[in-house]
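Encoded as structure tokens, the structure appears first; notes follow it.
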Amino acid sequence: MSLQIPAQPQLLVRQLGRRPYQPVWDAMKAFTDNRTSDTPDEFWVVEHDPVYTQGQAGKAEHLLAPGDIPVVQSDRGGQVTYHGPGQLVLYVLVDVRRSKLSVRELVTCLETAIINTLAKSDIQAYAKADAPGVYVTNELGMEAKLASLGLRIRKGCSFHGLALNINMDMTPFLRINPCGYAGMAMTQTSALGGPQSVAEAQAILVAELASLIGYQTITNADDTP
């Protein structure tokens, strides 16, 4: 990928730990509404309590049997997905106008960062033009998805982001049609010889994505947004 992205001055990376979905979503919206043209971009790294989130294109029939897992109607793009412990969620709060990034270019950056992260563990992954996310093909030639994407643009700024399955209980995915695709197989890095923990994966993924977008200074923070 050879995107011509101007160098960005500063990125703040926040480590949120494990959080419920709704308060983090509310904080993303507030951050985006209140930011100015001088506000540094932020990445938020988080693991969520178990939750299904419906995107703006989500259809009720893709929620097969949510059971006791709550369902949240979100304002991100895409359809239904599952978040839970052991999954790396990276929210990207980027001023795309300042970065001179199109939405498609930002999606490409997200997918490329994931693919580069997996390549460091000799996992050959790929993106698909007609179905955002990152996929692998197993030894039987069957395709499986291990990362989902969903963004929202407001005031020329992005929020929401990506979810990469690391080492989690995968059974909740069987109770939905992931991303609106019936029978979509899901997998995770720990089953492919890749990162075994969110902590192991997030350092690589954050560095890859920050490099692609071109941040000159990266500051880490553990505080609540």
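Yeah, the Cβs are placed from backbone N, Cα and C, and that goes for glycine too.
Listed in Swiss-Prot:
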DOMAIN    37-217  domain 'BPL/LPL catalytic'
BINDING   Arg76, Gly77, Gly78, Gln79, Val80, Thr81, Tyr82, His83, Ser148, Leu149, Gly150, Gly161, Leu162, Ala163  substrate binding site
SITE      Lys145  site 'Lowers pKa of active site Cys'
ACT_SITE  Cys179  active site, acyl-thioester intermediate
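The binding-site residues listed here (Arg76, Gly78, Ser148, Leu162) include Gly78, Ser148 as those with a Cα within 10 A of the Cα of the residue listed as 'active site, acyl-thioester intermediate'. Taking each of the recorded positions Val80, Cys179 in turn and counting other Cβ atoms within 10 Å of its Cβ gives the largest count for Val80. Put simply, Lys145 (site 'Lowers pKa of active site Cys') is 15 Å from Gly78 (substrate binding site) when counted between their Cα atoms. Around Gly150 (substrate binding site), a 10 Å sphere centred on its CB holds 23 further CB atoms from the protein chains shown. Every protein chain considered, the tally of other Cβ atoms within 10 Å of the Cβ of Tyr82 (substrate binding site) stands at 26.
Rounded to a whole number, the C-alpha distance linking Arg76 (substrate binding site) with Lys145 (site 'Lowers pKa of active site Cys') is 19 angstrom. In three-state terms derived from DSSP, Gly78 (substrate binding site) belongs to neither a helical nor a strand segment and is classed as coil.
Residues listed for substrate, Arg76, Gly77, Gly78, Gln79, Val80, Thr81, Tyr82, His83, Ser148, Leu149, Gly150, Gly161, Leu162, Ala163, cover a largest CA to CA span of 15 Å. Counting only the Cα atoms, the space from Val80 (substrate binding site) to Lys145 (site 'Lowers pKa of active site Cys') is about 14 angstrom. All protein chains considered, the CB of Ser148 (substrate binding site) has 26 other CB atoms within 10 Å. Taken as a whole, the domain 'BPL/LPL catalytic' (37-217) shows an average pLDDT of 92 in this prediction.
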